[in-house]
Amino acid sequence: MIRLLGYQGVLAEVCLLFVYQGEKDPVTPVILSLVILCTAALQCYTELQAESSMEALRNLQVAELVRTLRISDDGQRLDQNLPPTELVAGDIILLEPGQRVPADVRIIHCSSSTEVDNAALTGETIPEPRTASPEPSTVPAMEARCLAFFGTSVLKGTATCVVHATGDGTFLGQIANTMKKGSPRSSLEVQMESFVHLIAKVAGGVALCVLLANLLAPKLRTAPEILENCATALFTQVPEGLLPTVTFSLMIASSRMSRQQVIVKKLDAIESLGCASVFCSDKTGTLTTGEMTVQHVLVPDAAGASLFGALQLQAEVVRGDLRLQQLAAAALTNNSVQAGAGGAEVVGSPTEVAICRAAASMLGKPAREAVKFAAREDVVFEIPFNSENKWMLTVHRLREDSSFEVIVKGAPERVLQLCKANEKISGELRALMDKGLRVLALAARRLAPQDVPPKAEFQGACFNTCNFPVQDCDFLGFFAMEDPPRPGVSEAVQKSQAAGVKVVMVTGDHGDTAKAIALRLNILARVAKPSREGERFQVLHGTELDQHLPPDDSFVNLDPGSKEFWRQAVLHTRVFARVSPLHKRVIVQAYQQFGQQGFGDVVAMTGDGVNDAPALKQAEVGIAMGIRGTSVAQDAADIILLDDNFSSAIAGMEQGRLASENLQKSIMYTLCSKVPQVLPAFLEVFGLPEALAAVQVLLIDIGTDIWTAVAFAAQGPETSLMNRPPRHPRLERMMSPKILLYSYGYIGVLQAIFCWLMYFLATPDIGSLIRTHDALEDYTEEEKVLEKRGMTVYYWTLVLGQVAAALASTTKRQPLFGSGGYGFPNQTLNITLCCEVVLSLVVMHNSILMTAFEMESLPYWPSLMLPVVALFGILGAEELRKRFGLGFSFLQL
């Protein structure tokens, strides 16, 4: 679009420079040069602003030094602290709790309790255990427990590792490389380019028609006159202010969105966001808070079990209940939670942190004190949690009588095997797990003196190998926790669905957990009798997607069965679970390929992890998180949410729709003046005096219209934007035939009629200047003044006509005045319209400006006041059309 506008502007400038060389002051070429330079500067400024914002985000991320072991050339051991960028394959590094993994590594030794947080890769908040034992070759690398990947974090334990990949060779580096593929063009870019191509053809056609008219006209004209006439005709159709109008309008919309915690990196993404028909969102940290939180606590009682909600677990309640006190004390038997650095309360395994906070609240203690309590000295033996046992065990020496107590914490199905649990407890457990909650059970047993091993030397690695009894424990209770939905997300999902936008959860988490959250957020509808396809495709897992992945990253060569699978998935699926980064990108492509009955959906993808980056790049609108988002995801995204809130994305979508609607009105208004601007060039060929000079066209397009057009960006919505489906850029273009007919064939024709009426009525002597014979006669000084006065009347009438067009374009269907009227437009638009009138009056009465713009001062009556009829005439016609229709159904926008 920039190139097309630039080429046309340069062509017109060259022609006008040639015409004006040596004869006239080249005001028009100079102004046109400034327009081209300002447009380029504006574009450069926008790009620099985006780059500056991203650089600021990058500066927030600090690389920590890594303890590294190397062997020198002479065989000496070198212990060093190196930045991650200096690591190479073969380095031996030591990882500790809270540290980020600086490269892809193979674990060669680790403590038995080592766990890593793979949420940046998989999206799961549940920590994953790590071991030095090698995995079979059939196990995928992402699931191998002997590997740790760049960008993940160590939550618990220590590990000695050997580096096997750095930089682009890491798993995340490979993801970043996939993003080097070109992302789809924005809908605004496609539509604007198509529109400018149309305008270019229209301008070229008009110039050609004027050339033919000049050659066939009875009045002989010189080559410079013909060139000037054609250049003027071409110039009147070039939307010189289109690019600045679009850019400034989007910048205003971007500023408005920033107040709602939405930062726009690419301005054209605003319009695409308004057109989005599908929101593909990651679950962890986007739809949910990203923090595990205890929601329920269950303890046994005489009737079977008592279930407490999180809000019921106040210290006052717990102090009066011995069962809750025992459960809270036992819940702190872990070693993965530590006091946080830099003001953080506690850090460690998300599950243990959630339990620690809940237990601290139950005991009425700050979390830091609860951590100290967890690190008590009376633990004499421990079996750490591992994925095979799915429980942890601690043996404590009780201080009051030096006896020993065994406490077990872990998966309910394992812990309940050691207890005598009644049916009510089992039923409550099933109910909690059906809600997608993660449940940990606790049990305890006081050891009799004869059960204590000799010298209190406790040994064992599992229930069957312990040298002390662990059966017949007393069941203490359950902690049921989840990563809860963010406040306001459910309402935002309902709002988006009312707006015709599908919200789809795409997560690496388990299907049951994802489905439970999706039901709570209304992403999944509770249908009494779903169709067979609807029930089959409601929730899909990554293993199912693997069977239908397109070859060569294209759906073209996909077999018919797989194509039908994706069509059904796009139609029915609302949750994609256990997906990989490759799956996420393919899911976005599937919606773009098969959505909207084959026309393709406009997809917005939200996410924060590196695993989301390829999909963010593939989507028309990539939305990254500002707080939890990785630098890779932020670089791939078009929009960044500063508060990581999905609700802000929906608010941004509403602003995108408003920006798109206002931009449409702005362009609609800008085009209205093109018909009255080009007609003088045609009629001049047939002997009429020049009614509008090229420099006056510039004064209207650049001096006044551009600011009024930009002011539309501050306009509020005409109707509710979120109660109608999104505009599909392929099916309903921004500049539709109805919009063009309205601007050119309706308002433009009305303006032309009033301009010519006022031209002859306000300057009645202008008819004496009509020349139809062959000989070229120069005007006398008096006739030149009369010609300029006529041009000034034509210009003044067109300015008032544009004021009417601006007011008329404020609404498409709703009248401005009277019962049920919209009222006056926004204050910014009102001010620009007043400035437009004042500026025109100043130009028409300042001697220097009059000379520069080829004008003459006008008498108060009739030349100055009579054209006001055009303002009320056009505005009145529009009010009648909007209120009564008047049979113009083809003009109903």
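Just so it is clear, glycine is given a Cβ too, placed from its N, Cα and C backbone atoms.
TrEMBL entries are annotated by machine, without manual review.
According to TrEMBL, the feature domain 'P-type ATPase A' maps to 80-179. Sequence annotations record features per position, and here TrEMBL assigns domain 'Cation-transporting P-type ATPase C-terminal' to 689-884. Sequence annotations record features per position, and here TrEMBL assigns transmembrane segment to 739-762, 793-810, 831-853, 859-877.
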Can you check how the pLDDT averages out over the domain 'P-type ATPase A' (80-179)?
84
Residue distribution over DSSP helix, strand and coil in the domain 'P-type ATPase A' (80-179):
21 helix, 33 strand, 46 coil
Counting Cβ pairs under 8 Å to the transmembrane segment (859-877), which of 739-762, 793-810, 831-853 comes out on top?
793-810
Cβ-Cβ under 8 Å with the transmembrane segment (831-853): same-chain residues at least 6 beyond its ends:
25, 27, 693, 695-696, 699, 703-705, 707-708, 710-711, 792, 795-796, 799-800, 802-803, 806-807
